Each structure stands twice: as C-alpha cells, then as structure tokens.
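Residues or ranges marked as [2Fe-2S] cluster 1 binding site by TrEMBL: CYS34. According to TrEMBL, the [2Fe-2S] cluster 2 binding site annotation covers CYS74, CYS77, CYS109, CYS111. Here TrEMBL flags 194-378 as domain 'FAD-binding PCMH-type'. Sequence annotations record features per position, and here TrEMBL assigns FAD binding site to 222-229, 312-316, ASP325, LEU368, ARG386. What TrEMBL records for GLN733, PHE764, ARG878, GLY1045 is Mo-molybdopterin binding site. Taken from TrEMBL, the feature substrate binding site applies to PHE880. As annotated by TrEMBL, active site, proton acceptor applies to GLU1227.
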Amino acid sequence: TSPCYQLKSQLCPRQNPQCHMTGEKTGHYSANACLLPICCLYGAAVTTVEGVGSTETRVHPVQERLAKCHGSQCGFCSPGMVMSIYTLLRNYPEPTPEQMIAALAGNLCRCTGYRPILDACKTFCKVSSSDDRNTGLCPLVANSLPLLVFFLFKVSTSLFSIDEFQPLDPTQELIFPPELMRMAENQPKRTLFFHGERMTWISPVSLDELLDLKAAHPKAPLVVGNTGVGPEMKFRGVFHPVVIAPARIPDLNVVKYTEDGLTLGAACSLSVAKDVLTNAISEFPEEKTKVFCAVLKQLRTLGGEQIRNVASLGGNIISRKSTSDLNPVLAASNCVLSLASRGKKRRIPLSDIFAGVGNNTITPEEILVSVHIPHSRKGEYVCAFRQAPRRENALSITNAGMRVLFEEGTDIIKDLSIFYGGAASTTVCAKQTCSALTGRHWNEQTLDEACRLILKEIAVPGSASGEKVDYKKTLIISFFYRFFLEVLQSLKTTDPYHYPGIPVEYGSVLQDFKTKMPQSIQIYQDIEPDQSPQDPVGRPIMHQSGIKHATGEAVYIDDLPSVDGELFLAVVTSSRAHAKIVSIDTSEALKVPGVFDVISAHDVPATNEFYYSDDPEIVFARNKVICVGQIVCAVVADSDVHAKQAAAKVKIEYEVLEPVILTIEEAIKHNSFFEPKRKLEQGNVDQAFETVDNIIEGEIHIGGQEHFYMETQSVLAVPKGEDKEMDVYVSTQHPAVIQEMVAASLGVPANRIMCHVKRVGGAFGGKLLKSGLLASVAAVAAKKTGRAVRFILSRGDDMLITGGRHPFIGKYKVGFMNDGRIRAVDVNYYINGGCTPDESVLVAAVSLLKMDNAYKIPNLRCWAYACKTNLPSNTAFRGFGFPQSALVTETWITEVADKTGLSPEKIREINMYKENEQTHFKQKLDPQNLIRCWNECMEKSAYYSRKKAANEFNKQNYWKKKGIAIVPLKFPFGLGTRYLSQASALVHIYTDGSVLLTHGGIEMGQGIHTKMIQVASRELNIPMSSIHFCETSTTTVPNACASAGSAGTDVNGMAVKDACQTLLKRLQPIINKNPKGTWNEWIKEAFEQSVSLSATGYFRGYNENMDWEKGEGQPFTYFLFGAACSEVEINCLTGDHKNLRTDIVMDIGCSINPAVDIGQIEGAFVQGIGLYTMEELKYSPEGVLYTRGPDQYKIPAVCDIPEQFSVSLLSSSQNPHAIYASKGIGEAGLFLGCSVFFALRDAVTSVRNERGLKTTFVLNSPLTAEQIRASCADDFTEMVTESWGGVCSSVSG
C-alpha cells in the first residue's frame, strides 16, 4: 500500500523452493519492493502486508500487537515494520531479542522513536529471567523508583495489556502455494525471457548458456539482487537494453567446504553467506576460522536484512565500490575468485585486482562463478573494521581488512596484508607498507613505521560530497592501531610468557558497540478511581487508525484509486543557484511517448507569485531562478515513468547572476536579510559587563535538518468539470492555505476549491506553505489539461525542493561571576532562510522569545537575523527556532562551567528560574514545575552516583569514555496572535445514534483524531466506538488554522467540546423527561421533536500578543517544563558513540492520552538526537544538495535509541488554560535530544583533560563521529594534521 521510498518500502517475504540452493525447505525472505524486479519473482510466492491480515479477514498478531502497543503514529512505515517482523516469525516463531533487533535494522520510522515498536516485538521474543516484558521495568530504572511514588500518586507503568493479544499460531500461516511447488518439482528448468518497452530480461539456467549470453552481450549487467544496477537506473538514468539474471544457475549458488576453506557461489545472497559462515565458525576450530569471523563481522552491518536477503556476494565484489565492506577483508585474506568465459576458466586472487598485480583485470565477457574463502593458519590474525555515519544500514566512510602471518613461534612478520575502502574510488592496498614491514617484529617501532608509511602510501583525494579528508586519514591509521592492539592481545593468549599483551585500560576498545534490545519504562498518573469506565480521557487509548496502519488499509494520497484519464506530473528544477533563464527547450520532452504537455509560469491563469511579505513565494520560476531545486516547469504524461523521462529531456539555458549567496557568512558579508530584524533587551547589558568577574565570547554553528517525513509531498488535483470546481487531495498540515493558494493561482473564488485530507504520513512543519505551492503546480496542470493530475515527489526531489530546518549561527558574549551567576548576555542569532521568506522571520523571532530556556538572565540583549540566500527556502520544523537558540544557550552555560570549574548542572541550578518571575519579554512565569521536573529527573536518573561511576570508568579506560549530562526545559506554548489559534468543529448525530465528528485539525501521527473522539466521548457520554471521524476538509470546516505549534489538540478540543455541549443542551429536556432511556431512544425522540442534531463548535483562540517596539507582551499562554538526563559512551579511536541511557521527566498537565503523549515525547526526543548528533545536510560549492535520500542522509534507526529509556509524566500537574488541563506536547521534547549532545561533550572533555588538552574547544551541531574523533586529539590526529609525531606514547601507556 504505502508508496515506497528509495530503499525502505513495504517488504515482501519471498518463499522460494530453490532456497538459494542451500537446502530443500521453503525459505521466507523480506525484501525491498522498490528494488526487487518483478521478473526475478518467477516461481516465488509474494506476500504483501495485505496478505498477512486485514480487518475484513483476520488481523494477524503482528499487526494487532504493533497497533495495540502504540507502535504506529503517522502509520506510513507500519507495513514495512509488519513485514520485517512477520518474515522473522515465519522463520523463527520464538526469536531472540537479537534476531528481532537485526530484523528491524533496515526499517526507518520518523515518528515513534522506535520504543513502542520494539515493545510489540518483545511480546514475541523468548523470555529470559531478567526480561522486562511483563513489568515494563528495567532493573536499573525500577531500582530508582521508590514504591512510595506508586501509592502516593496512583502511578501506572503499563500502556497496553498483554492479556488482550491473540496468540501467535504458526499453524495458521499461509502455506507455500502447491501449484508453485509442483511447478518447481515437475517443470524442466528453462531459460526465461521477459521483453519490456525498452529492455529485455534474460534468466538462463546453466553456466554455459550464461557464458554464451555474456559473449553476445558483453555490456549487459548481471543482476541478482538489483541493489547495484537498480539504484543506478532509477536515480542516475543509466539504461541497459539487456539484463542477465543468473540467480537460477546451480554453479553460481554452490556452497562447498574444502580442505583449505569454503567456496561460495557468486550468486549466493549475503544472508546465505552470513548463515554459512556462522555455521562454519561453530564447527571448525578457532584457529581455522579467523577469516570467517572477520568477514562475518562486516556482513552483520552490511545493509539491512532486506538488502542482504537479495544482494549477492559476487555483485558486491565485482562492483568494486569503494564503500564495499567485504572487498578489503576478502582481499586481505587471500580469497580466490573463480572466473569463466566461453572456453576458458581461471582463478585469481582477489587481492591482485586491487593491488594492481599483473594482468588481472576481469574482462567484460568473464563471469565470476565462485569465491573461495580460505581457512586461517596457525600464527595468522585477521581483522576487519568500518566506520559509518550510522552504525547499521549505512555505507561506510572508511573500512579496512588486515591480515598478518608470523614466522612460526615468533612475532616476526612473514606476510602482511592491508586493504582500505572509502579512501579512493575503489578498494586500495598498502602494498609498499606491507613489503617494507615484512621481517620486522610486531612492536611499537613497527607501529610507528607502519602509520607513517600508510599515510604516505594511501592518498585520500578531496571528495566532492564534503567528506573530510582528515577524518578518513585518521581512521586509516586508527584502524591499523586497533589491529595492532588486537594482534598483541592475541599473541598474549597464545604465549603469555613472551608477550605481555596490552595495558588493561586499552582492552575495552577491542569491543565494538553492539545494538541490544532496549529496556524501557513509561510512568504516568493513573485516572481517578471514581472516573466512569466509559470515560476514555486520561487512558492510554490506541490510535484510531492503528490497526489500519498495520494492515496497510490506511489510505494516503498515492493510495487513492486512479481517476479516469488521470495524468502524472514530474517537475523540472533549476540546476543553478542564481541565474537568468535564457531559454527553455521542451521539444525533445514533448516527443516522449505519453507526454501531454509542459506547464510553466505562462500557463498560470492568475497568481504565480504570492506576496505574504516584500519577497514573493513562487509557484514557477518566471525569468530567473534563485536556488538549485526551484521549479521551472512541469511535464504531464500518461505515466509516472514517461513524465520523469520527459522531464529529464527539457533543456534550460542559463546566464549566471551574481552574487551567489549560500551560507550565513556570505549573507552577512552581502548584507542580505529578510526584514524585519528582531531585537529584545532587558536590564543594562553594557553596565553589567563592566561589573562581572569573567567574560567569555564564542560562536556555535548548528546545521539544518531535513523533515524526512515518510510520505513525501503528494497531491491529486481532480477538476469537477463544471463551475470551475476542483477537488484537491493533498498531504498537508493546512488545508485552508491550500484552498486559498490554489484558488488564487487558478483565479477562481475559494468556494470552488475543495481541499481534502484524510491523514498525513508525517509532516513536522514541512507541509505548510510548501504544500500550497506544490498543490498549485498540480492544479494549474489539471486546469490546463482538463484531466486529474497526480503529483507525488520522489524522496530525492522532495529533499532537493522543499528545504527544512534553518541552519543557525549563534554568536555570544556572556558575563558571569566566579560563583557561577550569569549577569549579562549579548547574543546574535543568524538563521539561513533560503531564497524566499516563508516563515523565516517568525522563526527568528521565536528563537529570541524562547532563547532563555530555563534561565533567568538579568541583563540581556539579543538580535535575530533571517538571512536571504540562494538555497531552497527553509521553513517551519518541530520546535520552530527553539531547538537552535536553546542549544546556543546551553553551550554558553557549559562554557561558564568550564571557566568557573563548577559542574554544568551546578551552573544550571544556580541560574534557573526559581520563583514567580518575569521572562525577558515581561511575561509572568511560575517555575515551580520546572524545579520539580529537574529534581525528579535528578533522582530518577540517579545522576550523581552515575556521574561518579562514569568518572571511575573513564579512569580505567583510555580509548573509551563515558559522558553524562542533564538538561532542563522550559517550552512556552502559543502562536503569538489570537487569530492563529481559533478553531471550529462540526458534529452530526444520526438517527441510529452514531456520531460523525469533524474539526479543522490534521492527523499526521500525533493522534489528534483519537483525542478528539475521546473528548466527544466524554462530553456526549457515549462510547468511542459510536463516534467516527471521516476527513478534514474545507467543505465542512472553513478557514481552519494550520495544525502546527503543538496547538492542534488544545484548540480543536475546545471547539469539539463546544459543539458537543451545544448538542447536549438541546437534548437535555428530552433526557430530563426520560432519564433512564438509552442514547438511541433520546436521539430518536429528538428527531421526532424536530430538534437539530447537528452543531458547530468554535474556539476564538488564545489571547496572545507581542509588542516588538516595546520588547514586551504575552505571546504565550502557558509553559511546558521538563528535564532529560542522558549517558553515552564514545570510542576515541573512531569517534563512534553509543546512547546508553536516557531519563526524561515532562510536565504536560493532565494527559488526555498517555500512550499518545509519551509517544510524542519519545519520537521528538529521537528526532532531536538526529538533529544534534547525526543528520548532516551537505551542499556543493554551487549550492547543489548532495544528501538526497536515505543513502546519504541518515536519520536515527533502531541502533541509535538509548539502551535504557525512561519517560515519566510529572504527576499532579494542572493547566487551567487548555482542554481538560492538558498541555500541547508535540514539539517540546525535541530539544531534550541535546542532553545526548552534552553527554558527548562531557565524554570528550574527559578525554581532553586526561590528555592535557585543556584549551577551550568548540563543538558544533550535529556532533558527528568526525567531530568527536577530531576533538579527541591524539598522536594519530596530530600525524594527519601536522608533521609526523611518534605514537609510542599512545601505546606504552
């Protein structure tokens, strides 16, 4: 169902009787639908999520548990999750937690933070005695929870009940279709030919036939898993007229043990290779399996299981990609390739291909038949290493394979082999280094020499995609050092008398970080004992669409059935950042079969430029382009494929304009800003600076962030054929603005445009104004052609066109006393707004209003500037400026701690708001709950004892360090102006007693419809099952405000409540007359008495205002508070880190739905981890975005969430301003992700203190492995950046 996005789509278990030739039984494989060519499924049974179970037939236990454990929010990733878990359970009905975690490594979710998904998974796993499945309490967290808390506050820790789940019964699963089984057994194997519009697919059955085909078509690629050729064809436009699929040839699927090793067919999948190696390691003596172990280590993290199930061993080798994790270790281990061409066979060492030995290139007509992986020998040691932007399912930045063989009984090098990937365009060999070191002892002098030689020999070219050369070079020698330590340790085990091994404090670096099944606890206040059992408010109710998400029945824009005569739209975007359009040549595009028309600015009937401020938002570029990715024109055709083919043929001639401004620094230099600039000031800043003991100055850079909603921007525009009416189905947070912009573009009144939104597959702020411009593109095309137009952005185009969170620079000057009191702050914020205003000025203003976070700053001056640049326009994103400005604040807080010698948490406590005070814009604030959250987080996290334990760990470990940090949160709620928070609702009661509810809010994963049904259920005193929500539409609720700023539930809840109370008031006389009657009887009576059973509800909005002239006002209605404590461990040799534990305490008033609210907190927190530690946008010097998809841009995966994760909702908190005393929770939690950033900083500080590097250091966001490694300066980083500096000191300890 859900449209697929690059390498993460709905997954199909493939049941194949050949089972890769490794056994007879039917195998089940998950695979990516978007990569799997349909031709390769001959003889396989395909099950999609709809085949697993549905609401019409039977909901499968996997689907049921995922939904009931609250494992879906927007629901777009849920089918993929279901298929991964389902496939695992078909193969292992009682999997281990490790198998479960591995099965999900290839899946991404942007909403949940994964914890509830893993909760569902745990219910299928084998239970161990220490398991936390039944209580939800991990031992560490349980110990920190006094029992008193449970009794005093009636606290609950259970968000779902295991008793409700149907059991998993493997006997009830789908069987492999008997007709396919018969076909496999009885039909003679024959060559398959599939002919398409432009290409032919040939699947031979014998090696001889394959060799004949390859001789006839030497340029035809061999495709097994399509993980190499598929993306090239899809994303780089590579075309192959003939494709050969050799997967059914027995010789290419061989698995054979020989005396000296193991032979694997080239078409064996990586999963088969992994299983075979695992078995071999358990069967053979350790001495013989060192190569197997090293290869297996790389296989475990290579792609996700969906990729490994289809990708072949041979394809990985032959592609010779620099990022291959296997080639370096296979080459270093003397693996041998068996090659064949017509009439000729030969065997060559893989190492010869990369070491450039002899005439050993593989010719176009040669086929790789098999790979021989040798046994290791006595005195031989083999290791493999990798470092990637994310530990799992990410291409490595650098990887390595190393092998050493010693003269018997000595530590004298007889043979040495070192190969690296990621350093150049393919795998490279350090052969000069290896020959120079042969005959040497394995000691510090050799290490010293090796590092120097390797750096000299392995040239790392500067990379266009912005990968830092220094980091790669540092990794190259850090990997060798790690190998050196591994071998020293191994020598000790063989002969402890002669070889002392390595210092104890170095030992931990030999253990790689592993992903474990997280333990978690969620604590919330239970409902009052006297609450009616029918009243759902305050209960952890499942998302209303949860089951439909998990069965694939939930409908998103691209699931809408095709309309008769529907056309598909593809956009043509600018390839220049700032240029005049000289000409647009569409002649070639119009010749492509199926193309209807090309649409440009000339075709827009009315408004093409929307002036919401001085600079316009633009539908189609008219005479010039102002960023790479700006839409210039669009092609409409009879299929998505034809539209994209034609779009690629549109030729645009440009004349470059100056200046091209890409960065904040360039904008400052050219004085390029959007007006107005904003300023806030309180106290006497200049005078305060004269009286303080110390002053620090600095700046921090914070990178942007891609929304990465799972459902890309999607529109279906359907002209109605009369009165200029049009239905627009769109994935947006703001239907009213879509209606307004489409109507303006078409030059018709708004009442002719009906905008419909059922649900949105994630938004996070990215589907406001941008969706309006894209909907206008589709609507103009629909108007011109008179046909329905479907416009679904690919992931790459979505990332290129739509912009994201604003990159940010904070420049600060802070004055403070020796005792830690901060007296004066002068700060300037610069945000990169991109090429049009969008929301940038407002984001800059909000960053000022919220910059104080939790701290009272008596003298403060702050300015905010929105920079106008030639990047795609940046826009709203969860947190709206606060995650950036508050990170700047926490950075200088931490620097003050460094300067005073006090701990960061002491500086935070000293400067925190403590009593009823005023903010820097003179709004009243009661910080009582801030203090409570802070103290409770301190207590629940056992902060001081764990800080002590971390310090102890750091004393005992040189190359690994732990860090811990605790950060407070004050998040003001409000939209600044009353009219932005008004809301309406419409409630109909039908004569059968059922209720139809609609309101202006949009469901995008935050559970707003679920909560609105809870509100209506309480108000009307009827069960939730009697209430239905259909869609949000401009036809039922006009002029609705955007679902943004965490305000959806607050304002729409008030409107729903108002409508329900109106209806109840009308029904009251009837109820009074017949108090013992049923709801249905009352409704029937009301209808017969002509009482209206339909009512609108309305909420005027919060009375908020801000006077920027005076610098004061009441822009917010209330405040949310919280605190988070996070602990991490870093690897100083690679910069890698692991999130060990996070404890969050949040004040969200009285939760309407604790399951939904805790899910929002966790999801936001994990998105914050992404912002502050992982997600990196990279541009070319010309302003072209490089990171355009999940391959290059890494959001957090299962491996990134804390191993122990606790979320507590502050008990006994009331909020008089919002519905049922709740608080708007969507955004606040994201900032708490910076507790991981500061825990990493704490770990890095520990390294620098130990190494005597006490100078001030700057850490920017995202704090990637590259930055961590550079900050943990040592002899290796010095060798890279300066001249040679020996490393003996690092080794001898």
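Glycine residues also receive a Cβ, built from the backbone N, Cα and C atoms like all the rest.
A Cα-Cα distance of 38 Å separates SER312 (FAD binding site) from PHE764 (Mo-molybdopterin binding site). Ranking the binding-site residues CYS111, LEU222, VAL224, ASN226, PHE880 by the distance of their Cα atoms from the Cα of GLY1045 (Mo-molybdopterin binding site) places PHE880 first. In the structure as shown, the Cβ atom of CYS111 ([2Fe-2S] cluster 2 binding site) sits within 10 Å of 30 other Cβ atoms.
Closest to CYS77 ([2Fe-2S] cluster 2 binding site) in space, going by CA atoms and restricting to the binding-site residues LEU222, GLY228, GLY314, is GLY228. For the recorded [2Fe-2S] cluster 2 site, residues CYS74, CYS77, CYS109, CYS111 set the reference point as the centre of their Cβ atoms, and the other residues of that chain within 8 Å of it by Cβ are SER72, GLN73, GLY75, PHE76, SER78, ARG110, THR112, MET710, GLY761, GLY762, GLY1005, GLY1163. Within 8 Å of the centroid of the Cβ atoms of GLN733, PHE764, ARG878, GLY1045, where the record puts Mo-molybdopterin, the same chain has further Cβ atoms from ALA763, GLY765, GLY766, LEU768, ALA876, PHE877, PHE880, MET1004, SER1043, ALA1044, SER1046, GLY1226, GLU1227. Residues within less than 8 Å, Cβ to Cβ, of CYS109 ([2Fe-2S] cluster 2 binding site) and separated from it by at least 6 positions along the same chain comprise CYS77, MET81, ILE117, MET710.
The two recorded residues CYS34 ([2Fe-2S] cluster 1 binding site) and ASN226 (FAD binding site) have their Cα atoms spaced 10 Å from each other. The Cβ of GLN733 (Mo-molybdopterin binding site) lies under 8 Å from the Cβ of VAL760, ALA763, GLY765, LYS767, LEU768, SER771, ILE1002, MET1004, ALA1042, SER1043, ALA1044, each of these being in the same chain and 6 or more residues away along the sequence.
In this structure, the CA atom of LEU368 (FAD binding site) is 43 Å away from the CA atom of CYS111 ([2Fe-2S] cluster 2 binding site). When Cβ atoms from all protein chains are considered, those within 10 Å of the residue listed as 'active site, proton acceptor' total 25, not counting its own. Of all the binding-site residues listed here (CYS34, LEU222, LEU368), the one with the fewest other CB atoms within 10 A of its own CB is CYS34. The two recorded residues, GLU1227 (active site, proton acceptor) and the residue listed as 'substrate binding site', have Cα atoms 8 Å apart. Between the CA atoms of ARG878 (Mo-molybdopterin binding site) and CYS111 ([2Fe-2S] cluster 2 binding site) there is a gap of 12 Å, rounded to the nearest whole number. As a whole-number mean, the pLDDT of the domain 'FAD-binding PCMH-type' (194-378) in this prediction is 92.
Pairwise Cα distances among GLN733, PHE764, ARG878, GLY1045, the recorded Mo-molybdopterin-binding residues, top out at 13 Å. Measuring Cα to Cα from CYS111 ([2Fe-2S] cluster 2 binding site), the binding-site residues that fall within 10 Å are PHE764, out of GLY228, GLY314, PHE764.
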